[in-house]
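*Asks:* Reproduced below are the annotations present in TrEMBL:
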type    : residues                   : note
BINDING : B:365, B:367, B:370, B:396 : Zn(2+) binding site
DOMAIN  : B:45-425                   : domain 'tRNA-guanine(15) transglycosylase-like'
Ligand SMILES: [Zn+2]
Ligand SMILES: [Zn+2]
């Protein structure tokens with residue numbers, strides 16, 4: 001089914017779990033799902049060139065509306081012909097609404113029905129991020145997929161009334177975003193499913209939002225440090241309430257075990273700063289977890305980060321060499337590990353897609369978990385329970 | 001006399017008896033101006049004037065093997081500088097590697113390796129050297145290096161060429177007393193380094209670069225050179241060349257500096273290249289070449305890129321019929337003095353005046369950065385302090401700087417002096 005410029009074809013389904021493989025046609029690129037989208041907050045990804053990202057195989061990446069709206073700003077992005085042109089990235093882009101940063105980065109933000117009022121971090125003027133403003137900036141940025149402004153509830157909030165208010169306001173703001181959106185022809189607007197950890201509130205939100213004409217959905221209000229037992233139940237409730245023929249984007253998820261479980265629960269798109277942020281601190285992702293390259297145990301290890309990895313870092317550099325560069329705070333070391341970590345996530349998603357296509361995803365999950373956790377005794381119970389709910393028995 | 005050092009050098013390594021011939025200057029025989037290094041039958045020719053690639057721990061700052069690969073291979077001269085501060089903490093790792101330094105530092109195995117005492121792109125704090133030791137600042141802080149401990153580290157590195165330990169900590173308009181001390185110490189260090197080198201099996205194929213001290217004091221430079229040449233008597237074969245250390249950091253090199261260089265060039269033995277660090281301004285490079293220097297390094301590129309500057313000056317090419325020089329009056333030498341202040345070699349790309357400039361750093365520049373990105377984007381990256389800014393600047397500045405060196409070599413091969421090249425360069429870049 002086509003929605004403006006975007007279409008999602010589900011090309012394979014797992015016969016056991018809710019996992020599926022799709023082809024998402026976007027204005028700038030066709031994206032294979034399930035997909036992990038690296039986060040390039042300010043129009044660049046941790047020192048990697050766009051050529052490096054293309055070479056790894058990245059099909060879509062993220063930009064942050066709040067940051068880009070501050071610098072270089074809406075007008076310069078517009079003059080440049082959008083973020084694609086500005087940063088020299090020919091493939092697909094997705095932007096968030098800016099609402100999350102508003103609440104998490106700015107102490108002095110004030111919420112009303114109109115939007116989020118805040119003090120501009122540089123010129124200290126009072127600004128308003130309304131649903132209309134968020135969409136205007138996102139229209140200037142020109143990403144393939146844009147997000148509605150939602151009423152973000154702090155993860156430490158305990159008041160149930162606040163969740164109800166936020167969820168209902170997010171539905172109202174969705175309608176304002178839909179009418180403010182000026183580029184329906186080449187940008188897809190996603191609503192964000194809210195409802196906190198309250199199943200009935202989430203169902204109410206699902207009911208409201210799925211009744212609007214939108215090309216796909218984001219699942220929000222999760223991965224804010226809540227209990228994992230609640231997390232997976234909300235994810236599965238959300239995917240159950242979403243249409244089969246539209247993409248589901250689970251926001252802020254990027255750890256391998258989480259990705260594997262949430263694919264099984266029916267999610268298609270993920271993003272997280274973790275793989276590149278951790279690279280900066282000398283942490284490399286491997287099938288057994290992570291390697292800290294600053295650790296002295298790497299200092300005389302003259303093998304690559306991962307023997308069977310085909311990234312340019314593993315082809316050219318040893319752990320001992322990376323250890324030396326990290327000790328001296330060499331920026332090139334961050335680039336080297338970022339290349340590996342971005343490649344690691346990319347390969348993980350590719351093998352997930354392959355396993356679903358071969359209808360061997362349950363076995364893939366079992367193998368991957370055993371490698372990652374070494375023994376079934378260390379499997380987290382939430383993962384065991386959630387996979388159990390979709391027919392995969394880990395133990 | 002001026003260009004005697006530009007003629008022909010040949011350094012043969014991995015021959016147990018180093019022949020005199022190999023390091024001699026073959027004056028009339030060849031027009032080919034190259035340095036030749038031989039290791040395990042593998043010959044590397046490096047054209048001069050040459051630009052040594054500055055690294056930290058064997059890695060060009062901000063680049064990786066993958067991004068370095070974006071540079072035009074024809075421009076890269078395969079000689080790499082590894083400063084001691086960037087490896088001094090890893091002696092045990094280098095030893096444990098049980099391979100050569102190039103392999104341990106993940107560098108291409110055909111590279112020529114040059115070890116230096118300091119990192120010229122970030123000189124250490126002043127005032128920590130003693131009569132017996134030179135202070136080197138590694139990742140973990142200050143390490144005092146004696147000639148013996150220095151030579152032991154050089155033995156671990158086994159570079160093709162290495163600097164002799166010297167006290168070059170006299171950059172900040174030091175007193176005559178301090179300069180005399182620096183000469184005395186450096187001569188003493190040289191003596192000890194030679195003794196060590198003579199007995200060193202691991203270093204039998206490594207050659208020394210003697211660092212001449214003396215600051216801006218002509219008498220002390222002379223004295224330093226005389227004393228060092230005395231120490232080197234009978235050991236000429238283990239000397240690859242001479243470095244002029246502790247030259248002041250001037251935007252345009254002064255007459256005083258030129259006098260020092262001319263003096264050294266005239267009196268140092270022929271056939272040994274003369275080398276300086278840290279210089280990169282195109283007019284300085286030309287002046288230094290005319291005064292006899294033939295080996296430079298790329299710390300200029302690192303410094304510019306790390307301070308948000310991009311090279312933008314136009315480079316004359318020999319085949320372009322540049323008719324900018326109208327009238328013979330302009331071709332007279334005084335041009336330099338008149339127009340030098342109007343010479344624009346770099347832009348500060350973090351300046352907000354570039355925030356809406358959607359043109360490349362340099363129009364028609366074929367480098368990765370200019371083909372793919374605009375000034376506005378790089379300006380944005382510098383404002384938000386993103387790591388990609390120095391990466392893109394390094395790629396462009398390297399391309400530009402190495403293209404300049406390549407143009408210099410072409411010019412020298414074609415007409416053996418840089419007079420008209422210099423005039424074209426000034427005319428091309430001082431028009432506004
Ligand atoms: Zn790798
Ligand atoms: Zn360029």
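Cβ coordinates are placed from backbone N, Cα and C, and glycine is handled just like the others.
Not measured: the values here are computed from a predicted model.
Structural setting of the listed features?
*Replies:* Cβ neighbours within 10 Å of residue B:365 (Zn(2+) binding site), excluding its own Cβ and spanning all shown chains: 18.
In the predicted model, the domain 'tRNA-guanine(15) transglycosylase-like' (B:45-425) shows an average pLDDT of 91.
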*Asks:* Is residue B:370 (Zn(2+) binding site) helix, strand or coil when read with DSSP?
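*Replies:* Reduced to three states, the DSSP call for residue B:370 (Zn(2+) binding site) is helix.
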*Asks:* Neighbour count, 10 Å Cβ-Cβ cut-off, for residue B:367 (Zn(2+) binding site): what number do you get?
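*Replies:* I count 23 other Cβ atoms within 10 Å of it.
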*Asks:* Once B:365, B:367, B:370, B:396 are set aside, which residues in the chain still have Cβ within 8 Å of the Cβ centroid of the Zn(2+) site?
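*Replies:* Going along the sequence, the neighbours come out as B:360, B:361, B:362, B:366, B:368, B:369, B:371, B:395, B:399, B:400.
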*Asks:* For residue B:396 (Zn(2+) binding site), just count the other CB atoms lying within 10 A of its CB, please.
*Replies:* 26
